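Structure record follows, encoded as structure tokens.
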Amino acid sequence: MNWILEAGDADHEKCNGDDYVGPGNKDTWYQFIISLSLGISAFLAFCALRPRWKSLYASRKRASMADPSIALPQLPDTFFGWMPALYRVTEQQVLASAGLDAYVFLNFFKMAMKLFVIVFFFALAVLEPINRAFPDELNTSEVPTTELFRQYTSPYGHTTLYDDDPEQPDDSFKKSKAYLWSYLVFTYFFTGLTLFFMNRETFKVLRVRQDYLGTQSTITDRTFRLAGIPKDLRTEEDIKNLVERLEIGKVENVTLCRKWKELDDLMDKRQSILAKLEETWTAYLAQKPVQVARGPPPNTATNGDLENSRLIPDLGDEEAGESGRLLGNGTSDLISSERPRPQTRFWYGFLRLQSRKTDAIDYYTEKLRVLDDKIRAARKKDYEPTDLAFVTMDSIAACQMAIQALIDPHPGQLLTKPAPAPSDIDWRNTYASRLTRRVRSVAVTLFVSFLSVVWLVPVAFLASFLSICTIEHYLPGFAKWLKQYDLARVLVQTGLPTAVVSLLNVAVPYFYDYLSYQQGMLSRGDAALSVISKNFFFTFFNIFLIFTVFGAVTSIIDVLRESLKDTTYIAYALAGKIENLGVFYTNFIMLQGIGLFPFRLLQFGSVSLYPINRMGAKTPRDFAQIDSPPMFYYGFYLPTALLVFILCLVYSTLPQGYKVVGLGVAYFTLGYYTYKYQLLYAMEQPLHATGAAWNMICYRIMLGLLVFQLTMSGYLALRKAFTVALLISPLLIITVWYGYWFRRHFEPLTKFIALRSIKRGEDRGGNAILDEDLDGEGEETRERIRRGSTVDEDKEKGAKFVNPNLVKPLEQPWVFKDAPPLPSPSSGLSGLEDRYTDEESNPGGGGDFYSGSRRPSRNANGLRVETSRGSSQNRDTGGYADLLGADMYTGLGRGGERTPRTPAETPKSNASSSAASLGDTHIWRDGF
């Protein structure tokens with residue numbers, strides 16, 4: 001670290017810190033052309049590919065809506081015809097088709113559009129003429145931030161830079177500085193406008209949320225999480241009695257979490273073995289069969305017959321081939337197609353120092369069978385209970401009363417919280433102790449904080465190495481060439497710093513996403529909200545503060561030292577640097593909006609990785625995963641939008657700020673329709689929708705308002721308008737007070753469902769818990785929503801709060817194109833035993849190829865199943881027992897159908913077993 005700072009100090013003597021991150025002031029048009037070219041090319045590519053690649057671009061449209069008025073329209077396949085149809089999709093259709101989270105996310109973009117259209121009008125029509133009429137004489141780019149701070153922090157900002165009257169250091173009332181009062185007026189106006197839009201949108205979101213969640217009926221809405229259960233209450237019956245004694249309702253079910261680590265480990269191991277078995281089967285079936293001749297069945301021909309018979313019919317003559325196989329006096333040889341079977345090496349013996357090659361299919365089949373037996377036994381075990389349970393009530397109202405009440409007088413005992421969806425629970429974390437989860441959470445938080453400081457070095461140095469000043473110092477010849485070719489200079493000085501920051505903004509969230517899932521949170525939804533927080537912290541701290549407050553790595557120490565001496569330094573630093581970085585942030589928003597949103601609409605990552613994933617896919621399961629709809633993660637997209645929102649606020653009153661605000665309008669407009677298309681038609685959402693992100697959005701907007709007000713206060717103080725700067729301080733108090741008021745009045749309604757909003761299920765004949773005053777749009781919304789089931793109701797049909805490893809079927813290998821049928825979840829079997837329905841029928845066989853130990857049967861899906869009784873003898877290549885005959889067929893016969901062996905060719909069984917291995921079970925459709 002020291003050598004980096006020392007190198008930076010050497011460069012700092014030659015280059016100003018702003019030169020590291022600030023692109024050229026006249027290069028905005030070049031960046032606009034570059035961004036527009038990228039955006040148009042990606043948009044045209046999307047319009048061309050959309051009707052041809054519907055598995056990617058129209059993979060999630062919800063077609064089965066009960067009410068046509070809220071059903072999604074079918075987008076036409078014309079080049080631009082989909083745009084008017086997408087524009088006409090209403091908020092009700094968004095809510096019914098994509099859920100509450102999508103509604104909240106898109107409404108944030110719509111609110112930002114409306115807000116910044118008004119801000120842009122006043123910034124362009126009022127503030128810009130004032131700024132041009134009164135040009136700013138203070139050039140902060142020529143003086144380092146720390147020097148500016150020292151010059152303007154003497155009493156009343158007295159400085160030697162200007163020949164002002166020392167008896168009147170405050171210039172607030174000078175006629176030449178009267179225009180600065182307009183900044184104060186518009187700071188108040190834009191702050192009030194932002195709070196007005198946010199407050200109005202919050203009321204709207206809360207009303208829709210209460211109507212939406214109050215009318216839907218899912219098991220998640222009727223279940224609460226009970227933590228801190230004392231040891232004497234850790235049984236399902238005791239918990240049920242405890243809750244029912246509260247007289248808030250009846251308990252339908254209690255799921256007490258237990259230490260299922262042994263079972264979960266076995267299931268993870270089974271999944272790994274299953275994947276290897278599928279890959280082995282795929283490799284085996286991909287090989288071309290080899291034609292071989294086999295001897296006749298025993299006692300069916302004499303030696304003379306064998307001498308006169310044709311060993312291999314003429315395969316070029318179809319009739320000869322048929323007669324040789326079917327007629328031939330019953331003595332012709334059988335023609336079979338065999339593939340070389342894949343081999344694998346397994347280790348055994350003392351310290352596993354000995355190894356042997358064996359048949360891979362049989363090896364993994366046997367391992368899978370052994371694991372299945374262990375899993376069945378593990379499912380029957382009793383496990384130690386933990387202090388966590390999920391309690392399902394008979395009504396949503398009873399559940400909400402339990403959530404919103406204090407149950408136990410002891411701290412940390414019997415704490416209630418809303419339960420996540422059953423599919424959203426990370427069951428491994430349910431049996432981790434609270435201390436373990438807390439330690440993991442604190443460790444990840446500290447690590448993220450440490451990373452935020454560490455990121456300062458690569459971000460600032462990447463930007464500094466791309467500045468003309470640094471290039472001229474290290475590569476003078478290259479710098480001279482750049483100055484000769486203006487386009488190349490623009491690409492290096494303007495395009496590359498913006499591209500570097502944008503790439504970091506895309507790549508880092510994946511790392512923070514991984515860290516969030518290591519914190520030990522009980523649900524993936526909580527982890528997703530944590531991703532939003534971490535990624536916003538990165539974008540705000542590293543992309544905004546590092547460039548404005550610090551300016552460069554070399555000034556980090558100075559900034560920290562001065563900020564510890566005087567807390568007002570941050571305001572001066574923001575004001576001193578923010579104006580000089582206007583071009584950089586203009587280019588950043590331009591690239592993010594005009595340049596990259598069409599690429600997100602195109603799903604460039606999925607499109608570019610599809611050939612690679614296609615080449616890497618081996619099994620039918622891999623191909624099915626490739627074709628499944630991609631997931632939409634709000635934590636990857638929302639933080640950048642919040643940063644752009646803050647930048648638009650900060651630059652709204654500054655000179656040339658209308659450019660940033662205008663590009664912000666374009667950003668939120670393009671983002672709204674891009675994400676609207678993806679959420680409705682192209683991408684899936686993995687979470688139970690509750691609209692929980694609105695809290696985070698509002699608090700970060702308030703943070704942006706505070707930054708905006710601090711920046712304007714410092715901006716005015718640097719121009720010695722101290723009275724005007726001081727008059728901004730009430731806005732800081734108002735914003736902080738509004739945040740407190742928001743937490744008291746709005747936040748509970750974003751977490752819970754009000755009892756008056758709950759409408760009991762129509763199937764139970766209940767009526768809404770409503771009064772006459774809840775009318776108007778809410779009632780209309782309620783009725784329209786209830787005409788069809790909600791997204792979460794469709795997702796959670798039949799769901800239960802139970803560890804899926806306890807009940808889910810042990811799926812079969814997916815070998816052919818069609819997925820294998822799943823057994824009944826209640827059977828607890830591996831998917832094999834319940835398919836042997838004809839095992840005891842026709843015991844003697846009928847003298848056909850299936851006589852003896854093998855016979856065909858059909859399952860519920862009409863698939864022909866070839867089954868076997870018992871186990872084969874040990875294979876020569878194997879070193880283990882009870883391997884079932886995976887070579888019980890001779891390959892592909894006429895029409896592509898598998899030809900079973902005759903009983904004479906089938907290895908005899910030396911034991912009887914009720915457990916069948918996957919190796920001797922082959923499923924195919926007729927004419928495969």
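Including glycine, each Cβ sits where the backbone N, Cα and C put it.
Record features, source TrEMBL:
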- 770-780: compositional bias 'Acidic residues' (COMPBIAS)
- 907-916: compositional bias 'Polar residues' (COMPBIAS)
- 29-201: domain 'CSC1/OSCA1-like N-terminal transmembrane' (DOMAIN)
- 221-429: domain 'CSC1/OSCA1-like cytosolic' (DOMAIN)
- 292-337: region 'Disordered' (REGION)
- 768-803: region 'Disordered' (REGION)
- 816-928: region 'Disordered' (REGION)
- 29-49: transmembrane segment (TRANSMEM)
- 115-134: transmembrane segment (TRANSMEM)
- 178-198: transmembrane segment (TRANSMEM)
- 442-475: transmembrane segment (TRANSMEM)
- 536-557: transmembrane segment (TRANSMEM)
- 589-610: transmembrane segment (TRANSMEM)
- 631-652: transmembrane segment (TRANSMEM)
- 658-675: transmembrane segment (TRANSMEM)
- 696-718: transmembrane segment (TRANSMEM)
- 724-742: transmembrane segment (TRANSMEM)
Would you kindly list the residues that approach the transmembrane segment (658-675) from elsewhere in its chain, counting only those six or more residues past its ends and only Cβ-Cβ distances under 8 Å? 28, 86-87, 105-106, 109-110, 112-113, 116-117, 119-120, 123-124, 127-128, 582, 585-586, 589-590, 592-594, 597-598, 600-601, 637, 641, 644-645, 647-648, 651-652
Let me know the model's mean pLDDT on the domain 'CSC1/OSCA1-like cytosolic' (221-429). 80
Against which stretches of its own chain does the transmembrane segment (178-198) lie, if we need a Cβ under 8 Å and a gap of at least six residues from its ends? 111, 114-115, 118-119, 122, 126-127, 130, 133-134, 172, 649, 652-653, 698, 701, 705, 708-709, 712, 715-716, 719, 721, 724, 727-728, 731, 734-735, 738
State the residues, same chain only, that lie 6 or more residues beyond the ends of the transmembrane segment (29-49) and have a CB under 8 A from a CB inside it; answer 'none' if no residue qualifies. 23, 56-57, 79-80, 82, 487, 490-491, 494-495, 498, 586-587, 590-591, 593-599, 601-602, 604, 607
